[in-house]
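These features come from TrEMBL:
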- 117-298: domain 'Malic enzyme N-terminal' (DOMAIN)
- Tyr140: active site, proton donor (ACT_SITE)
- Arg193, Asn448, Asn492: (S)-malate binding site (BINDING)
- Lys211: active site, proton acceptor (ACT_SITE)
- Glu283, Asp284, Asp307: divalent metal cation binding site (BINDING)
- 308-561: domain 'Malic enzyme NAD-binding' (DOMAIN)
Amino acid sequence: MFSRPSLCGTVGKLCRCGTSATGITTVAAATVPAARHYHEVVGDIVCPSQVRGIDHIRDPRLNKGLAFTLEERQTLGIHGLQPARFKTQEEQLQLCKIAVNRYTEPLNKYLYLSDLYDRNERLFFRFLSENIEDLMPIVYTPTVGLACQRFGLIYRRPHGLFITYNDRGHIFDVMKNWPEPNVRAICVTDGERILGLGDLGACGMGIPVGKLALYTALAGIKPHQCLPILVDVGTNNIDLLEDPLYVGLRQKRVVGREYDDFIDEFMEAVVQRYGQNTLIQFEDFGNHNAFRFLDKYRNTYCTFNDDIQGTASVAVAGLYASKRITGKSFKDYTFLFAGAGEAAIGIADLTVKAMVQDGVPIEEAYNRIYMVDIDGLLTKSRKVGSLDGHKIHYAKDINPMTDLAEIVSTIKPSVLIGASAAAGIFTPEILRTMADNNERPVVFALSNPTSKAECTAEDAYKNTDARVIFSSGSPFPPVQVGDKTFYPGQGNNAYIFPGVGLGVICTGTHHIPDEMFLIAAQELANFVEPSDIERGSLYPPLSSIREVSMNIAVGVTKCAYDRGLASTYPEPQDKRKWLENQLYNFNYESSMPATWVWPRMPYIKTREESPLIAAIK
């Protein structure tokens, strides 16, 4: 939805026409070159000699709506094309709030915001950044999931780049078609595992588009530096293949060596087009590919996987904050994960690193984490289910069990984390068992969207006598228990990836170590106030994400220079101020060309013109 330079409209031609002897109208040999419908601004530097007055209305990067002053309207030649009213950006923001609240359906609000961005870029991003608590559920989870499901119906215009398997051998040629020359951050998906909705193929484009909108709104990364990409290798979703509105390749997914070679070519094309330090964020790839690509590319490209590392970071931040309530350290925690996919493994791996940093031996750290997949508890002796990849680290030498309630009763975890996309598996019985075994049980129901959550906030509080320390992946309404109201915190990746992205982009970081995500978790936890914990949240209000992102970016910047991963030199002394100087400006700027006065030239008497010079003339 929200990240693109507007593509040019109808091209008009200016020419001198005449009539031949045969009566046929002809175009004169000398014609004026084709003129674009309007000048398309790229980068963040506008060349005044290339921009016509009308372009300031037609180009969303230049458009200010009714905020153009009388002088601007007259000078640009757009006076009369707008009504007489002048509105400040603040007045326009009020109108945007009224307009979006007129809609009751979240998808209609999503479409309104998409249209706003297509008309007025700065107004859109300021509106989003200043109303993030209200608009985050629209541009991100859960509404973005619905937008992906309806993508074939609501698709309007290019908001990112589609690269299909049929383009293999020419991926670089496709990437050249994106008009921006200075892309610094790419979010890419193949649409195989969109949120908890499964394989949505090309309809998954809404995810990278929404993610990169948050890069700008929450961290001030310039929108022209962000590029959403969907690599379309087909879909195994039969409903989509048979859907006449489906917009992607109508074929089963390419797999195996052909798929890997295609992704290799994509990564190489990114570097060829935009340079080695271009940030490539992998998003919503299938579990079987996510870890492979992270392990394969993390030391050769500037890349991370938000489902693995971003989710891990925000969850570990919640665990850090929970210690302030329980009064315990990580060495006193026993963890049980419901789910063993990329999110669960990512959280577990970063939790191990956090425990090691707290002085827990690595073997003991692994021994304190139990994990359940679709076939039951990960054990070394179980006869069903695989222990491939990173799962093997969490397999225990105990008897196999398949019933989650039995596992919770036997293991007696102090922390129960859901990343299973299995709605309702944290039953009242399981929640009561957690409360029986812990004075302050920690329960995270992290699956997205809301319909896939392992339990609701209300279930968690009411089945634990309101003693639970709860967090979710999607937003839940406040819960009233007795005379107290709890406001459950949302463990949203948006707390993490914008700040990490800002630090990585500004420093020109070569590779992104897990240490940066542990730093991000600590910075986020440090931002949690006692008042947040008192109201039942392990996270600060969403309205504070911009400040959180800056703190994270400063921490990532320090890490990049300390680890020798930065390529931007010299190293800035005041890193916060240096980062702030590179942020996107949400406010309108003057549309008038810069003017200045020259000093009066000193009088110098010139000599008389020479006859020789006159003769030459």
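Yeah, the Cβs are placed from backbone N, Cα and C, and that goes for glycine too.
If you take the Cα of Arg193 ((S)-malate binding site) and the Cα of the residue listed as 'active site, proton acceptor', they are about 15 angstrom apart, rounded to a whole number.
For Glu283 (divalent metal cation binding site), the nearest of the recorded positions Tyr140, Lys211, Asn448, Asn492 in terms of C-alpha separation is Lys211. Of the recorded residues, Lys211 (active site, proton acceptor) and Asp307 (divalent metal cation binding site) place their C-alpha atoms 12 Å from one another.
Note: the divalent metal cation site is recorded as Glu283, Asp284, Asp307; in the same chain, Thr189, Arg193, Ile194, Ile207, Phe282, Phe285, Ala290, Asn305, Asp306 also have Cβ atoms within 8 Å of that site's Cβ centroid. Across the residues of the domain 'Malic enzyme N-terminal' (117-298), the predicted structure has a mean pLDDT of 95. A C-beta separation below 8 Å, combined with a sequence spacing of at least six in one chain, links Asn492 ((S)-malate binding site) to Met136, Tyr140, Thr141, Val314, Gly473, Tyr539, Leu542. Asn448 ((S)-malate binding site) sits 11 Å from Asp307 (divalent metal cation binding site), taking the CA atoms of both as reference points. Residues Arg193, Asn448, Asn492 are listed as the (S)-malate binders, and the farthest two of them sit 18 Å apart at their Cα atoms. Neighbour counts were taken at the CB atom with a 10 A radius for the recorded positions Arg193, Lys211; the maximum falls on Lys211.
Glu283 (divalent metal cation binding site) is surrounded by 26 other CB atoms, counting those within 10 A of its CB over all protein chains shown.
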